[in-house]
């Protein structure tokens, strides 16, 4: 092979490597977005399952008189609502997100934490009482 052909071949390979690198970057970005969405959907499903189980437990027996007629919530319903408030589901969801390697701070919310490194902003948010 002559020198020009070798140079052209190396230049062509360099272009192909650049394109592959770009494709790999795009793929990595898409994968990160999919992981974030998957995590968000898993947390939402867990939250909805908890609410459904609380609703099923708190469903009062059918009565002739309804809550709307009295204008007051049934005692079981009040207890379920109070339990839901006490659970601190939002905080639990943030802790779960952080444990799975995502930022929960307002600076980088939802983006993956690099190499599972701790984020001071996230930790300060999670340690608030």
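Glycine is no exception: its Cβ is also placed from the backbone N, Cα and C atoms.
Annotated features, as they stand in Swiss-Prot:
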- 52-71: region 'Disordered' (REGION)
- 60-71: compositional bias 'Basic and acidic residues' (COMPBIAS)
- 103, 105, 119, 122: Zn(2+) binding site (BINDING)
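Using the Cβ center of 103, 105, 119, 122 for Zn(2+), the list of other same-chain residues with Cβ within 8 Å runs, in sequence order, 98, 104, 107, 108, 109, 113, 120, 121, 123, 125. Residues within less than 8 Å, Cβ to Cβ, of residue 122 (Zn(2+) binding site) and separated from it by at least 6 positions along the same chain comprise 98, 103, 104, 105, 113. Under the DSSP three-state reduction, residue 103 (Zn(2+) binding site) is assigned to coil, being neither helix nor strand. Around the Cβ of residue 103 (Zn(2+) binding site), the number of neighbouring Cβ atoms within 10 Å comes to 19.
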